[in-house]
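Beneath this line is the structure, given in structure tokens, with notes to follow.
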Amino acid sequence: MNKKAGNFKKEPKEFEYEFFGPTGALAVFLLTTVVLFGLYFGCNENGCPAYPQKILSMIYDAKFIDVYSFQLYLCWLGALILAWHVLPGEWVKGTPIDEKGSRLDYKMNGFATASLVLGVTSGFIYMKGPECMELIWSRFLPLMTSAYIVSIFLSIYCYISSFIGQKRLAEGGNSGNIVYDWFIGRLLNPRIGNFDIKVFSELRPGLILWVLLDIAFACRQYVLLNGRITDSMVLVLVFHSWYVLDSLFYENAVLTTMDVTTDGLGYMLCLGNLAWVPFTYGLQARYLSFHPVDLGIPCTIAIIFLQLLGYYIFRGTNSQKNMFRNNPTDPSVKNLKYMETKRGTKLLIDGWYGKSRHINYFGDWLMAWAWCLPVGFGSAIPYFYVAYFAVLLIHRYGRDDHKCHQKYGEDWNKYCQIVKYRIIPYVY
Ligand code: NDP
């Protein structure tokens, strides 16, 4: 149950920290900052990995931020907010937020927004030529710094505003320790009117920018290779765009994810959504823009197969749970076996969720491999995503399991006995 500000009384001793508490939170803050910028300086046209002396001289000469890039980034956010207001979209109810069953309304027009952005970008490239995307790829560093700064400001804004008025708080972000609560997120549903800042930032500014950056790097490769792009770049571009457009097409599914139902909007989500996703997830496209790889047909087919398998598992699981939670009488889920819980919510023990407790994570991870393999084996750094994502998913599994244990108590133990595997059936 979420508590309201002002009436929350909990002894600090009772509070269960994640990430090893405030010290861990600070460490993750520093580590994410170093990795975000480190990937840029450590893997670029000077080498991947670049020599330490090169890295140092590059850092010394780097223009981390400039007014134009910062304005460009703010215009980007402004345009997306405007699109949220102007473009038509269905109003959808989120999951219950209190014991009375109240729900918040969310406007869902992310797919329309992405279609508009990609349409305008394609028209721009068609008219001006691929060279025009230099506007974006040449400003990678200052745009990344801009996104980083905005994410810090947003998390501070959310933290401060969580103390003003009666706000719904995230249970896990209310320890009383400033650093920890700012990092993990104190405010559960930050809103300005009916504009939900958290749900907006989850799927739009970062995800759509990720595709735009990929397109910019594909254009850069096209120019460098005198009018062609490699099959590997095509795969990366198609897979990433597919993932993003799919997430936006099924935007409603975000409302049942842990980020929306449980976590507050703090540094962790702000940085992840605004800076980490667009500027690290597209590393393969950036790498291929200065290190082209031609895969050939057999490798291309094998990688496509891996992507399709991952997608089938990922999408099947997420859609099934979303349908089961929001419309349990739908023919696609009404015959699936489930178990009743004392809490009142049902848990699927059949279908995808009967195979493992988070088989969606496995599908997602298979896709991560399909995105990295196109870069070949010239450098391990573009495989960063596969390694990072494995750590993220295992950690996320632990957090969700813990939260579900708190939510469902003994019923969760029973569920774990029925559905034995955590992520990969018969393996883990
Ligand atoms: P889930 O979508 O699996 O949601 C977990 C929640 O589902 C639980 O807290 C519980 O909430 C409910 N649930 C658990 N078991 C069952 C069951 N048997 N039957 C019905 N409901 C159940 O996980 P996430 O929110 O972590 O992830 C969603 C997707 O996002 C995943 O595919 C993941 O791979 C992807 N993802 C991608 C990231 C990226 O950076 N690319 C980062 C993080 C996630 P309740 O019971 O309260 O409804």
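Backbone N, Cα and C define each Cβ position, glycine as well.
TrEMBL has this to say about the protein:
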type     : residues : note
TRANSMEM : 20-43    : transmembrane segment
TRANSMEM : 64-86    : transmembrane segment
TRANSMEM : 106-127  : transmembrane segment
TRANSMEM : 139-164  : transmembrane segment
TRANSMEM : 232-250  : transmembrane segment
TRANSMEM : 265-283  : transmembrane segment
TRANSMEM : 295-314  : transmembrane segment
TRANSMEM : 368-394  : transmembrane segment
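By the Cβ criterion (under 8 Å, sequence separation of 6 or more), the transmembrane segment (265-283) is not in contact with the transmembrane segment (106-127), since fewer than 3 such pairs are found. Listed as Cβ neighbours of the transmembrane segment (139-164) (distance under 8 Å, sequence separation of 6 or more from its ends, same chain) are residues 5, 33, 36-37, 40, 62-66, 68-70, 72-74, 77, 178, 181-183, 185-187, 190, 197, 201, 205-206, 209, 213, 264-267, 270-271, 273-275, 278-279, 286. In summary, the transmembrane segment (20-43) lies against the transmembrane segment (368-394): three or more C-beta pairs, each 6 or more positions apart in sequence, are under 8 Å.
In this chain, the transmembrane segment (106-127) lies out of contact with the transmembrane segment (368-394); the count of Cβ pairs under 8 Å, excluding pairs fewer than 6 apart in sequence, is fewer than 3.
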